[in-house]
Amino acid sequence: MIYLVTGGARSGKSTFAESLYKDTLDVVYIATSKVYDREMEERVKLHRLNRPSQWRTYEGNYNLCSSLDNEKNYLLDCITVLTSNIMFDLSKDAEYIDPSLQQKIEDTVYDEVKNLIDAVNQRKYNLVMVTNEVGNSIVPEHHISRVFRDIQGRINQRLAKLSDEVYLVCCGIPVKIK
């Protein structure tokens, strides 16, 4: 089964996603965060403390399929951070991204996740993916923020189509939308 869990920042997405594997020990947690500062370091520590110690962690943004092993359950947290990391890896300009590069970023992120979905489906494993619903706010002021929002929104749409179940989490309450 492929699950997509979306919602706003601090909506309870990760908590809900982890609860889908509540009594499961053979889980690989695919972490996409890069630790750049102390605050992010604290967030990562808290996430690790809140999940079972038996879960294996894979850290990375590329070649996500290399996380696959004997475990049957995978949790990718989160696609939004994956998008951000790949966007800044591929773009040397923090102020402007031309349309062709925007498409390359979107395709790179989508291909990474799609390859993982295909491999999980082929092995009959389970995958829970976490992403942010970034389009429910005001139009961002800066070009780079609008580009990010647009890319992430399109990726979410594409991944929702590939998912067996999709949940929107709001105020800690998951709502099944597919």
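Positions of Cβ are set from backbone N, Cα and C atoms, glycine also.
Whatever TrEMBL says is automated annotation, not expert-curated.
Pulled from TrEMBL, these are the features on record:
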ACT_SITE  His47  active site, GMP-histidine intermediate
BINDING   7-14, 31-33, 48-51, Glu59, Asp77  GTP binding site
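Of the listed recorded positions Arg10, Lys13, His47, the Cβ environment within 10 Å is emptiest of other Cβ atoms at Arg10. Look at His47 (active site, GMP-histidine intermediate): DSSP puts it in a helix. The secondary structure of Gly7 (GTP binding site), as reduced to three states from DSSP, is extended strand. The C-beta environment of Glu59 (GTP binding site), restricted to residues of the same chain at least 6 apart in sequence and closer than 8 Å, consists of Ala31, Thr32, Ser33. In this structure, the binding-site residues Gly7, Thr32, Leu49 were compared by how many other Cβ atoms lie within 10 Å of their Cβ, and the smallest count belongs to Leu49.
It is 12 Å from the Cα atom of Lys13 (GTP binding site) to that of the residue listed as 'active site, GMP-histidine intermediate'.
With respect to their backbone Cα atoms, Arg10 (GTP binding site) and His47 (active site, GMP-histidine intermediate) stand 13 Å from each other.
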